[in-house]
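Per Swiss-Prot, the features are as follows:
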- 189, 222, 223, 224, 225, 241, 261, 278: S-adenosyl-L-methionine binding site (BINDING)
- 307: active site, proton acceptor (ACT_SITE)
């Protein structure tokens, strides 16, 4: 019975992922219950009605899920797959369920234990793909516009089999973008901002919204991991931090370093497009800082991190996003708000806010 959905998430954030999908499902009047195993890297949500699982992965916008890396319909757990023929039972599960899917992904959860299965998954992929093409479960060639077949192994002989829709899923294997750490970047945090650009900004809009010559501000910049990404895109950056910036960034001539507390700095320029911020501080304090920048029209788009407490993490994120939405609306500002726990995030989520227009005349950003 395909009345379940599986969601991949960061290990340790299963409860948050479960709370989020339960909330989203209830908003669609879809009811069920989540099965959570701590530190497993995935969550199962079982719907009471058979057809609701498919409806859920169609109607819950994947881009709005904060803690889920992938979302798919799955059937019952296939157990004790025979070592001499693991392919046939998997193909049998999909017969009559999926036709001419565009891609096959044989995956595991993102945990140290599961990673030991990755070599096995790669080895199984080719014979499985061939068998699925023979049975017309997969199309003869990969097609990005067709559903994706997922074979999700939780142990060597146990897997869930299912599908996702290519217009409402993560395009990445295991839901993880493969980014390479640049050897000249001052810190690994640079990958957070690079991933955020991939997740929040459509590729066909990069030229317009991540354009050469733009002005940007990085609050809490040192040593310059996030500034590095802006410099690489030929932006002019105001780096705000009492600490030291990497000399390699200063040598570019694109960075002006202000030794000021990020919470106290106020810009003198009126043409700042990007604000980025990765400061270790309570979420509500960072949220209020970003709201101040947006309400004053000091920037057009912002990407920032919210460091999460040990408990009530889903509630804290929800409250802060609601706070942004409410206060911007109170000030006559329409904005597009997104949030995601990125692969390169740890105990935090990354938020993106884009001002669409202002109902209050004379704001700085209306003069862009």
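Cβ atoms here come from the backbone N, Cα and C positions, even for glycine.
Known features from Swiss-Prot, placed on the structure.
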{"residue": "189", "record": "S-adenosyl-L-methionine binding site", "Cβ contacts under 8 Å, 6 or more apart": "225, 226, 278, 344"}
{"residue": "222", "record": "S-adenosyl-L-methionine binding site", "Cβ contacts under 8 Å, 6 or more apart": "239, 241, 242, 243, 244, 245"}
{"residue": "223", "record": "S-adenosyl-L-methionine binding site", "Cβ contacts under 8 Å, 6 or more apart": "186, 187, 243, 244, 245, 246"}
{"residue": "224", "record": "S-adenosyl-L-methionine binding site", "Cβ contacts under 8 Å, 6 or more apart": "186, 187, 218, 239, 245, 246, 249, 255"}
{"residue": "261", "record": "S-adenosyl-L-methionine binding site", "Cβ contacts under 8 Å, 6 or more apart": "242"}
{"residue": "307", "record": "active site, proton acceptor", "Cβ contacts under 8 Å, 6 or more apart": "280, 281, 282, 283, 286, 347, 348"}
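All protein chains considered, the CB of residue 225 (S-adenosyl-L-methionine binding site) has 22 other CB atoms within 10 Å.
DSSP assigns residue 225 (S-adenosyl-L-methionine binding site) to a helical segment in the three-state reduction.
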